[in-house]
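K.L.:
This structure is in structure tokens; I'll ask about it shortly.
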Amino acid sequence: MSLAAVVVIYVAADVFEQENYPLAEDWYPTDIAFIIAPSIVIILGIILNLKYGLKGYHGKAWLFFTIAIVSWFIGELSYSYDYEYDIDDFSTLASDIFYILGYPFFFAFLVFYLKPRQKIITKTMIVFASLMSLTFVAPSIYISLSGEAEIDVLTMFFYVVYPVLGGIIFVPSIITVFLFFGGKVSLLWIMILLATILDIGVDTLYLVTSLDATYGPTHIINIFWIWSYILYAFGQYLHIRIFTTVSK
């Protein structure tokens, strides 16, 4: 229902041409979703932090997860549809800096969560997951380097770095799928995987739409970004329920 509701909201925003009714400069009604969705994920992350504390792998994992989402949330708040990068003007780089900072923390979350299961992770799993990740990353890099539009070095860096970072976190996410079907991890990881796939796929679509200057507030790819936050939240909710049941 939540996923469908997001689609309805964006379709309505497009029909009623929300660009004509900004809430503030460069802020539109649908941008509220980029505040609500990550806020819910952050709140659920804090709940898991309080439940686990900072002891053990799971406690550290959820701490890194929450920090990653907070970093991405700050990136959402500082994003502008009319960015023109300027290395001498930090404000034009703030959004991307916080987006990029979130990836190492998210990777740490995945690593710490998998740490207790490292003995059952085989080299075959790692190689296969890496190859799958490469199939997602390669097209984005190719598009960046072969585009006809003139792009400065800084912009090119940002266009390439996102799919690369997404591909890195995709590897441990794929490994958890193998463990899930082996009964070694919970449904949380399927939600994490789906959300990660969406992030990587949308990064590629964002790259394409940015190169041809068609990206905007009501673009369909925004739906998938919101969906990824919803999937994270749903996975967290399931994990909290499991934790509560076990505690009882």
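Placement of Cβ uses the backbone N, Cα and C atoms for every residue, glycine included.
Straight from TrEMBL, here's the annotation block:
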type	residues	note
TRANSMEM	32-50	transmembrane segment
TRANSMEM	62-81	transmembrane segment
TRANSMEM	93-114	transmembrane segment
TRANSMEM	126-145	transmembrane segment
TRANSMEM	157-181	transmembrane segment
TRANSMEM	188-208	transmembrane segment
TRANSMEM	220-240	transmembrane segment
K.L.:
Which sequence positions outside the transmembrane segment (220-240), separated from its termini by at least 6 residues, show Cβ-Cβ distances below 8 Å to it?
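P.N.:
Sequence-distant neighbours of the transmembrane segment (220-240): 2-3, 6-7, 10, 30, 33-34, 37-38, 40-41, 44-45, 47-48, 51, 69, 186-192, 194-196, 198-199, 201-202, 205-206, 209.
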K.L.:
Look over the recorded stretches 32-50, 93-114, 126-145, 188-208 and say which has the most C-beta pairs under 8 A to the transmembrane segment (157-181).
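P.N.:
Looking at each of 32-50, 93-114, 126-145, 188-208 in turn, the most contacts to the transmembrane segment (157-181) are made by 126-145.
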K.L.:
Which bits of the chain, at least 6 residues beyond where the transmembrane segment (32-50) starts or stops, bring a Cβ under 8 A of a Cβ in it?
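P.N.:
Contacts of the transmembrane segment (32-50) (Cβ under 8 Å, skipping residues fewer than 6 from its ends): 6, 9, 23, 59, 62-63, 65-66, 69-70, 72-73, 76-77, 79, 222, 225-226, 229-230, 232-233, 236-237, 239-240, 243.
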